[in-house]
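**Student:** Submitted below is the structure of interest, expressed as structure tokens.
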Amino acid sequence: MQGGQQHNAAQTEVLSLTAASRAQQEVHQAMLLDLEAKKIAASLDVPTLPEQVRAALREMGQPVRLFGENLADVRQRLREAMAHQKVSLDAASLFKEEDLTGQRGANERYEEEVTKYTRAEQELIEARQAIANFSLKRAGARLERERRLRLQANRRKRKIDEKPGTSTEVDVLDESCHKMYQSIQMMALQGSQYGDSRVVSCISAQTLDGIPVVATGGWTGSVQLWDGSSSALEILGGKTMCHEDRIMGLDTMKVNEDLAIMATTSIDLTAKLYRVQSAHTQAVLHGHQSRLCRAAFHPMQRHVATTSFDHTWRLWDIETSQNILLQDGHWKECYGVGFHPDGSLCATTDFGGIVQVWDLRTGKSIKHFLGHAKRVLNAIFHPNGFQLATAGDDGTIKIWDLRRRKLAASLPAHSNVVTKLQFDASGEYLASSSYDGTARLWGCRDWKMLRQLQAHEGKLSGIEILGSNSILTCGFDKTLKLWQ
């Protein structure tokens with residue numbers, strides 16, 4: 001019996017694939033490579049100047065221009081060609097590695113991606129529970145209002161009116177939006193002041209006791225407070241040496257009618273908290289290992305977030321000044337940060353062109369968006385709760401739909417770096433500032449430009465919406481300007 005078994009084993013043959021099977025296998029492999037190329041195409045850094053695009057196509061052996069193509073089509077074809085080339089090179093290097101390693105297991109050939117979790121401290125657990133309760137209440141109120149407005153809009157569309165001649169909440173919103181857009185289109189420069197002896201890098205504002213208080217930070221490391229109620233922009237006070245180096249980020253939070261807190265971030269590796277009225281330093285936040293970028297207060301008014309070149313962002317307890325969350329996950333410098341209006345989510349951006357959305361209630365990254373060609377510097381949520389605006393070095397503003405988890409609109413907004421974004425409280429328009437020397441206002445209903453503001457002598461570093469009919473800008477010409 002044993003001999004028979006050996007004879008049968010010796011007679012065993014391995015049949016090769018048929019020509020049809022091999023063809024199907026090659027088609028399947030090509031489809032996989034094409035899918036992978038589409039995934040990485042959006043994150044590639046592609047030249048923008050026509051001569052650079054032509055040179056890159058020639059170098060790759062591609063035709064410079066095909067019949068019927070415009071400049072955008074040519075650049076898109078270059079992007080796809082670069083993506084396919086990168087995928088092909090990666091596949092070739094992988095096959096070469098497999099040949100060299102022989103029969104090594106898959107775990108030795110491929111780098112294993114591991115998501116690591118650490119045990120949360122009690123302070124963080126309590127903060128997550130508080131944020132969950134807070135966000136559920138806010139989300140419930142927001143969704144109830146949206147349902148009411150949707151019902152009214154549908155009834156108006158079908159011309160169903162219980163009481164003819166009466167105006168609904170939707171009618172009031174449409175009328176106020178129309179008046180707002182008319183006011184924006186008539187907006188002009190009303191005042192200008194020198195804000196610092198060097199660049200005025202950031203700006204924020206709050207209304208306290210009926211007075212619009214404007215805070216600015218500059219490259220001298222100082223903070224100044226201004227009266228935004230008149231075109232004179234009179235100085236209310238300031239602190240000459242808040243930081244030992246340039247201030248890169250500034251945010252303000254209104255606690256009550258006569259109290260506001262301000263947060264600043266700097267290249268000197270620290271963030272600081274102040275009471276706006278006295279510019280008194282309330283706390284110094286140490287922890288980041290490299291220069292800090294932006295700061296943002298959580299809607300619950302108990303926490304503030306900071307980003308840094310050390311590839312992390314941190315969440316701090318305002319009352320105790322303790323760091324309760326150190327979050328990594330970015331493979332390049334982390335820069336922009338913004339909170340969802342309900343307080344449930346946090347969006348961060350990095351120099352790799354990636355936008356991460358984090359669930360603060362669980363600590364997990366729930367989505368990342370790819371689409372910017374270069375560094376992403378800004379992330380801000382729309383007041384409606386389901387749209388996220390981002391912008392950066394490529395000059396575009398991208399609107400992401402959080403419900404569908406994909407890009408909803410892409411605006412060719414500026415010809416240079418977009419330094420800051422801000423929605424107005426009603427969510428009817430978006431303001432942007434840029435290194436191209438302009439500030440622009442965009443209608444959120446159709447994403448068309450409403451107004452361009454231009455008066456600075458050089459780059460703009462920040463923009464702030466003050467009330468319902470005022471805009472503040474600051475820039476490299478050391479000034480802040482008021483538009484009404």
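Note that Cβ sites are derived from N, Cα and C of the backbone, with glycine treated the same way.
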**Student:** Looking at 107-137, 448-478, which one is coiled coil according to TrEMBL?
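**Tutor:** Residues 107-137 are the ones TrEMBL records as coiled coil.
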**Student:** With Cβ-Cβ distances below 8 Å as the criterion, list the same-chain residues six or more beyond the ends of the repeat 'WD' (327-368) that contact it, or say none.
**Tutor:** 43, 120, 128, 131-132, 134-135, 138-139, 142, 290, 293-300, 305-315, 374-381, 383, 385, 388, 390, 392, 400, 402, 405
**Student:** Can at least 3 Cβ pairs under 8 A be found between the repeat 'WD' (411-442) and the repeat 'WD' (285-326), with each pair 6 or more apart in sequence?
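**Tutor:** Between the repeat 'WD' (285-326) and the repeat 'WD' (411-442), which are separate recorded stretches, there is no contact, as judged by 3 or more close Cβ pairs.
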**Student:** Please compute the mean pLDDT of the model over the repeat 'WD' (411-442).
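**Tutor:** Result for the repeat 'WD' (411-442): average pLDDT 95.
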**Student:** Take the repeat 'WD' (369-410) and count its residues per DSSP category (helix H/G/I, strand E/B, coil), listing them in that order.
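**Tutor:** DSSP classes over the repeat 'WD' (369-410) add up to 0 helix, 24 strand, 18 coil.
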**Student:** For the repeat 'WD' (285-326), what does DSSP give as the number of helix, strand and coil residues?
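**Tutor:** Tallied per class, the repeat 'WD' (285-326) gives 0 helix, 23 strand, 19 coil.
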**Student:** For the repeat 'WD' (453-484), jot down how many residues DSSP puts in helix, in strand and in coil.
**Tutor:** 0 helix, 19 strand, 13 coil
